[in-house]
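All remarks here apply to the structure that follows.
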Amino acid sequence: MSRPGTPEPALCVQGDSAAGTQDEDAADGTQHSHRMLSFSDALLSIIATVMILPVTHTKISPEQQFDKSVQKLLATRIAVYLMTFLIVTVAWAAHTRLFQVVGKIDDTLALLNLACMMTITFLPFTFSLMVTFPEVPLGIFLFCMCVIAIGAVQALIVVYAFRFPHLLNPEIQGSAHRALYRRHVLHIVLRGPVLCLAAAGFSLFFYPASYLLMAMAVFLPYLSKAASWCRCRLLGPQEPPTPSIELFDLNRQEPLSKERVAAFSDGVYAIVATLLILDICEDNVPDAKDVDERFHGSLVAALRESGPRFLAYFGSFATVGLLWFAHHSLFLHVRKATQPMGLLNALSLAFVGGLPLAYQQTSAFARQPRDELARVRISCAIIFFASIFQFATWTAALLHGPETLQPSARFGGREHAFMFAKLALYPCTSLLAFASTCFLSRFSTAIFHLMQIAVPSAFLLLRLLVRLALALLQTLRGLARPARGAEEDVRAPLLPAPC
């Protein structure tokens, strides 16, 4: 007789087969790369984000005015930060592409990846030298040498993995074009380091060309893609490639995994939120001697003096959290990340990484009220660019159609209007706050704080507000239809009657 417990052995067999596969991999000396990739994504997101610290810690004395010289200094450091952040994302994208080809790892590959990560962790130090001494060649030279070393280690990983094909992706193991895959991945991995090698050479006698070459390392893939599109438009479509080469070119144009893009982005948001509280811990814990002398032993009175900084922290954390929430909502509807979406997402994350700088500016309102207008505008600009590139990522996904977005988020979908409102909220409010300071400069701080309060409240009521707006539009459309019908009734007697 059959009993209710009879199906259980089938489940045990499935579990035993999965465990058996893991045991076979362990006995073979290989293992899956999932945990190593999670570690690498976390480390790369941390390194990319902490490079904002030399910018946020730019020393401006309380007596120093926030004049054009200080603004130029900050603008130069922000520009260098954005470029180096994007270079780190290029290294991360190459790492992603590399481990789309490499399916398993052994001890040697794991150690090579650790060597790559160790080199990457040295980038913030070289970036600090570049920011502090932008016209001295040594900082640029060391940064470029780090990028070259990262590319060299990644190239060693490629050569080693193709030397032992059992480490490769199963689809590539049996491919007749394995050498073509290897050449292609080496081209991706070494493209940036080659440009940085030229930048290191130029840094010795003409450093502006070094910055141009490093910027090319970021944008060259997109420029080459645009050139290919123009050539196709001018010369017409070329002969279609063979199926195996077509699959290869598809992987070349779609380099990013949605899961790894989301993991890297989550890491950036988490580190930015953590950096905010680190500034609170560093700057707002009163000294015991100071409490005794200035506040007569009252810790409450000492903490009350730092009240505006705590308010700035809560506002900045709410901004980071809501931008992450919008990013999370976007990638819930994304099916896959295209190359333009990857670039726009990286630009958004670069400005998200600048939010600790926005916090530093807003927390200084109470200490330096005469500079509040310039500081409010800097903060609004950082929030605007962080959110507008997020909105542009969604727009790029919409333009690619069904292959990138789920039906509910596309034009006419159930969630389309809600996603539009959610992603457009921060760009509109930050731009409105920036424009308001041009006419109401006396109230710039109040305008900024009002924005920080209004946006979280709008997020809570957003779905209700969108439904009300859609209902209002439908009502107006319904009122317009009877008006057109009445107009037709007036004209009807003038028309000849049908026979």
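Just so it is clear, glycine is given a Cβ too, placed from its N, Cα and C backbone atoms.
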Write down the single range among 39-58, 279-298, 479-498 that appears in TrEMBL as transmembrane segment.
39-58
Applying the under-8 angstroms CB criterion, which one of 78-99, 111-133, 310-330 scores highest with the transmembrane segment (39-58)?
111-133
Give residue numbers and ranges for long-range contacts of the transmembrane segment (419-441): same chain, 6 or more residues beyond its ends, CB-CB under 8 A.
319, 322-323, 326, 329-330, 333, 373, 376-377, 380-381, 383-384, 386-388, 390-391, 394, 409, 447-448, 450-451, 454-455, 458-459, 462, 465-466
Are there 3 or more C-beta pairs under 8 Å linking the transmembrane segment (380-399) with the transmembrane segment (211-230), counting only pairs at least 6 apart in sequence?
no
Against which stretches of its own chain does the transmembrane segment (380-399) lie, if we need a Cβ under 8 Å and a gap of at least six residues from its ends?
319, 323, 326-327, 330, 334, 338, 340-341, 344-345, 347-348, 351-352, 354-355, 357-358, 405, 410-411, 419, 423-427, 430-431, 433-434, 437, 448, 451
Same chain only, please: residues at least 6 beyond the ends of the transmembrane segment (78-99) with a C-beta under 8 Å from a C-beta of the stretch. Say none if there are none.
33, 37, 40-41, 44, 47-48, 51-52, 54-55, 116, 120, 123, 127, 130-131, 134, 143, 147, 150-151, 154, 157-158, 185, 188-189, 192, 211, 214-215, 217-218, 255-257, 260, 264, 342, 346-347, 349-351, 353-354, 357
